[in-house]
Amino acid sequence: MNEEYIKVRGAKEHNLKNINVDIPRNKFVVITGLSGSGKSSLAFDTIYAEGQRRYVESLSSYARQFLHLQNKPNVESISGLSPAIAIDQKTTSKNPRSTVGTITEIYDYLRLLYARVGIPYSPVTGLPIHSQTVAEMVDIINELPKGTKVYLLAPIVRGHKGEFRREIINLKKQGFQKLIVNGEVCEIDDLPKLDKNKKHNIEVIVDRIVLDENLGNRLADSLESSLNLADGITYLEIVELPQAVKSQFKKNQRITFSEKYSCPVSGFHLTEIEPRIFSFNSPFGACPKCEGIGKEFFFDRDLIVQDQRISIKDGAIVPWGSTSSKFILETLKALADHYKFSIEVPFISLSQNVKDILFEGSGEEEIKFEFHDGSKTQIIKQPFAGIIPSLQEKDRTIESVLIKEELAKFKSEHKCTACSGFRLKDEALCVKIANLHIGEVAGMSIAALQKWFSHLEEKLNQKQLFIAKRILKEINERLKFLMNVGLDYLTLSREAGTLSGGESQRIRLASQIGSGLSGVLYVLDEPSIGLHQRDNTRLIATLKRLRDLGNTVLVVEHDEETMYEADHIIDIGPGAGIHGGRVIAEGNAEKIKHFEESITGRYLSGRQTIKVPSETRVGHDNRAIELLGAVSNNLDNVDIKIPLGTFTAITGVSGSGKSSLMIHTLYKAALKHLEPTSKVFPGKYRELKGLEYIDKIIDINQSPIGRTPRSNPATYTGAFTHIRDWFVELPESKARGYKVGRFSFNVKGGRCEACQGDGLIKIEMHFLPDVYVKCDICNGHRYNRETLEIKYKGKSIADILMMTVEDAMQFFDKIPLIYEKLITLNEVGLGYIKIGQSATTLSGGEAQRVKLAKELSRRSTGKTLYILDEPTTGLHIDDIKKLLKVLHKLVDMGNTVLVIEHNLDVIKTADYIIDVGPEGGDKGGKIVVCGTPADIAACKESHTGRYLKQYLV
């Protein structure tokens, strides 16, 4: 293909205003602009979608039936288009079997490496295990002194129950005369009857030999016969040694030989060492107990009794309710009488012994139970089974899916006790390279793994090195790519479902570089998300390398450093939604600076900035929340103090422990304290102080606000409740007798029943993601014809749901209840989204800001602690300015705002900063420095401080 440009003509997808743009091929191109300006509409919904559609159309009709054919984007023409690959943030696998190792294929190479050069060790003795040929066995036997009398034994039964009549009859037919049964030599004709309920060991005496030089082939032939009888294993038993000869061997000593892999002492053996035994997704390798998941689920005492402050009688034992069942109440009363405790006191005041009996049962101790049924009284003496064994029995025997789901609420997740969380069978975990099994290697961080592999060649012998050379090359290259995109702190065993969108995207980016493709159009969505400024340079170098392979790299991005390094920038705007959709500026960063209409250009040139506050807040009378001794994940016994009434930023390189500290420990521990029934499990810590100063803790994260098309910003913020109430009060509604439910799309009455108020019909694609198509009965309007006849200012309720937040604000400007809900959405920079936009189409950043808007619209107590994890995701610097205004407004109302953030424009406005590090993974988990932005900038050990310094000038 010789075209110099990808030429887009007449693009009108979503809010794009018939734009024409030439994108230079084989270059690193950034598309930027405000959130909602149309960047993704151009990059993903137009250019990538058309590239994908053309590819699918080129396939046979048979192949096309398995693929979702995209609709043609609303564009007149696109020429110069290459095969397109999208690397976005929405395709993270939630399958617990998908890990960093499997996604990057490093684990596949590891399996091959262990299968080819790994050495098996007996888990019993720790001795190395080798397979042997018959010739090798003969050589070992010939090392015994001449004149030694030996038996060659075929172990046909090893520790199994049974009478084994059929096996003995078969041996008789083959001409064998003597057996060793449970250590005793027996004639096959005089064999005593075996107890079928006891375990037995039976060995066939295949040959009795006195070793000398004239044996010829007898030894080899006998060995082959013995190996055939016992599935590749044979024993050599030394019966008698020559008296005159001193030897290392002893009388009655047994030597184990195996054509397979067998331990000479314990008898532990492997049938094969192939890549499949190292796969936790294969029945040949997966741990039989957890089936390769690495986790088990047990009934948890803390979930069974969620609030120890209430009594058993009042419902402390959650699965048994408030003991409303007469049978349960009488059982517990009998138990209380027997062990002398009360069911009317708080559960926490019961002795540990009583708690243990309640949970695990009374063992063999019998309790007198009296059950009253009307006029009858039944007395039973029996042990008490215990809450947990009772729940286990119910879980095992019940077939109802609903009851099983209900029981699952009382279980917590733990490492598998059989495989210690390594997911594999013992046979796989006994194979080692440089004293480490594959599970231990997969559990190392990428940085540690790279270091281990760099020294591995020194630990391999010549034969191993020759076999492993190509495998090691592939592994080292992939590790280098992961290092280059700032993921050195991840482990290969990390589940894909636990990765952030940015991490997942960068893993797939590293995989693409490893594939070495050229002539491809790569479309990326903010790859810098979640990346510390220190690692950004390496990411940009990776993107350039992708370009240098002969590819076009098209990146939707807001990061200034990325823009300065790009070959070409396309600025979409000037505003968001209907105010965007035009190409405002094109060229490199220096050219963009001079376009007056470009908001991006104004910030690049410094004409517009986010100012550093003239002073920082010190908080409420030195009140603070103190978390002491946090040790979750990589945290190293961390102590922190968060001043209340401040805007506090948690900083540090990726993987340093910020989320472990703030989300997994502080947030969950505080929530458990404030709401004891909440199903959260905080990371380990010693003490949490200062919670008496707050009444709420809210994690405003990027999880979806809903999982169906019925969820939308209007319903989530509560604006839709007021809109429905307003429509009910309209004269036409009153005349028809319509109630509030008429305008709900969640209940029958006014909604379209064909789509049940979704506006879309879900088509299940079985092994592909479900597809939603517009309902052809209501044409996507959600309501039936009669409901749509009710109008306010000429607009039906469906028309209102199609309005943007800005339009709806103007429409309802005289109705305070609705207007106040909508204005908060506008304040967080979401004026461009439709109030009825499906929750499933909102980005993580948009969902987070909808949640923030909901919090803003609530009456503030001034005692709330808000936690936000990377709230700048997906935001242009001008949107960040609006967001900061909102967050500081929350603090001015007396609340405390805690943000985990890498964006230096946010960090510089903080009152207080806690910098975690100094590195990621095992080299992180410590507090590097705490204080004001100036304090952080002055700290030489802080990576954040080094970059923050230039922002404080």
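Just so you know, glycine gets a Cβ as well, placed from its N, Cα and C.
Under DSSP, LYS658 (ATP binding site) is assigned to a helix (H, G or I) in the three-state scheme. Annotation comment: Swiss-Prot describes 33-40, 652-659 as ATP binding site, evidence class sequence analysis.
Under the heading domain 'ABC transporter 1', Swiss-Prot lists 320-599, citing sequence analysis as support.
As annotated by Swiss-Prot, domain 'ABC transporter 2' applies to 619-949, with the evidence given as sequence analysis.
According to Swiss-Prot, the feature zinc finger maps to 752-778, an assignment based on sequence analysis.
In the three-state DSSP reading, SER35 (ATP binding site) counts as coil. Reduced to three states, the DSSP call for GLY652 (ATP binding site) is coil.
The number of other Cβ atoms within 10 Å of the Cβ belonging to SER37 (ATP binding site), over all protein chains shown, comes to 30.
Summarising the environment of LYS658 (ATP binding site), the number of other Cβ atoms within 10 Å of its Cβ, over all protein chains shown, is 24. Residue environment of GLY33 (ATP binding site) contains 30 other Cβ atoms, counted within 10 Å of its Cβ in all protein chains. Over the domain 'ABC transporter 1' (320-599) the predicted model carries a mean pLDDT of 90. The number of other CB atoms found within 10 A of the CB of SER35 (ATP binding site), across every protein chain shown, is 27. Working note on the binding-site residues SER654, SER656: by count of other C-beta atoms within 10 Å of each C-beta, SER656 ranks first.
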